[in-house]
Amino acid sequence: MTSTPKPLVLIILDGFGHSESPEYNAIFAANTPVYDRLRATQPHGLISGSGMDVGLPDGQMGNSEVGHMNLGAGRVVYQDFTRVTKAIRDGEFFENPVLTGAVDKAASAGKAVHILGLLSDGGVHSHQDHLIAMAELAAQRGAEKIYLHAFLDGRDTPPRSAQSSIELLDATFAKLGKGRIASLIGRYYAMDRDNRWDRVSAAYNLIVDSAAEYTADSALAGLQAAYAREENDEFVKATRIGEAVKVEDGDAVIFMNFRADRARELSRAFVEPDFNEFPRARLPKLAAYIGLTQYSAKIPAPAAFAPSSLDNVLGEYLAKNGKTQLRIAETEKYAHVTFFFSGGREEPFEGEERILIPSPKVATYDLQPEMNAPEVTDRIVEAIEQQRFDVIVVNYANGDMVGHTGVFEAAVKAVEALDSCVGRIVEALGKVGGEALITADHGNVEQMEDECTGQAHTAHTSEPVPFIYVGKRKVTVREGGVLADVAPTMLKLLGLEKPAEMTGTSILVDA
């Protein structure tokens, strides 16, 4: 193939899964003339974005980080969740030199080990089993002061589901005969990723100085008091549990989230000497600050599980073959369409340009369900018309970010906004003879109520995701595709042989 249609646009509809059930399905309820027309007239099917198909444990729902890694890598990427869980099972976790070194340094001086992390069985940013293993490791190595600073979920889990996790950790500490939960705060504060530093400062001050709006005798009592204030898990305000615990000089702090994007801001507050995003009342001289994984090459903190390198991911391979590419998203998903899609690489490849559209500054995205998708689309249409790029990769955050709010009516509006944006891209491509692949990284917005509890469903799902080809070729969509097959499909459309490292295979078959 000597020339290929230009550009090829990969449209990633974040959190946009496929469910046969119409119940509380925002996609089913929305008015989507473009999506309906494409499914009626273009080759389409479903591909898997969860579990073993994306390198997660069997049955585990997909997520944005994992989805974009697989989409860009063209192979199944075994995730940090899986790596850490396996290390715990095999016993290697308890011999990890980064973790044991940090604990030993603090314990030998009679200092405390502070464990930070999302206390959840959601498996998206963390897993409570990993926090339990860390408490066990600290106790085994002689630490007497072990404190868990628990961030509550309610986003990748039901909105009020923290009680069982707290009970599990309380039981763990009782069994160990040492350690306790020292503080509670919702992930809304501790795990911001959009430079809302007022939220992060609340978490930092709680952990470091035990500065809290509320106090409680036990973690369960603190949780029940938050529920009485109408705060779901995600939004629980800073709560000190029992006697005040401060992070002192010589203590070790270990952040047990395995996913990077929502661990960066709080980590920066602990380790950056010239940090100026908010005034730190105190910066303890720690024996160690450890991340379970590498949160960023720019954050000076050792990682217990260092990143494994991925060679010949789509972006790198396009650059090697002289192709130009554009990556575009709004703030909430910018890291996904750049860092994660590039296999954990921060810098652009040669011939790669990036456009970041700031996400709207609203408390929660149900207040502006269209987010800034129209502005993202303006820039894509402009790039298509200019025909400067061979490949454009775009992420639309709406399905996921509005899906996470649990507000059904807002989710319907988000889907309708997406439909309009996709229509504009398809129209622009038609004028220049370009092509598109439309897919998603995981499900979310197609299930907005938990059938078992009747609560709002704010988490991701394990549903398959759509895959639609937009263009003039005579092709069909094969069954059994996974996210790792998308990059090889794109290379086929571009007339490029896939590299040996890509084990995925094209989803499109010549008709």
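Using N, Cα and C of the backbone, Cβ positions are placed for all residues, glycine too.
Just one of Asp14, Asp36, Asp104, Asp485 is listed by Swiss-Prot for the same Mn(2+) 2 site as Ser64, Asp441, His442, and that one is Asp14.
Residues near Ala260 (substrate binding site) in space but far in sequence (CB under 8 A, at least 6 apart, same chain), listed by position: Glu65, Thr293, Gln294, Tyr295, Ser296, Ala335, Phe339. In this structure, His442 (Mn(2+) 2 binding site) belongs to neither helix nor strand by DSSP; it is coil. Ser64 (active site, phosphoserine intermediate) carries a helical DSSP state (H, G or I). For the pair formed by Asp14 (Mn(2+) 2 binding site) and Arg193 (substrate binding site), distance between Cα atoms is given as 17 Å, rounded to the nearest Å. Looking only at the binding-site residues His404, Asp441, His442, His460, the one with its C-alpha closest to His125 (substrate binding site) is His460. A straight line from the CA of His442 (Mn(2+) 2 binding site) to the CA of His460 (Mn(2+) 1 binding site) spans 7 Å.
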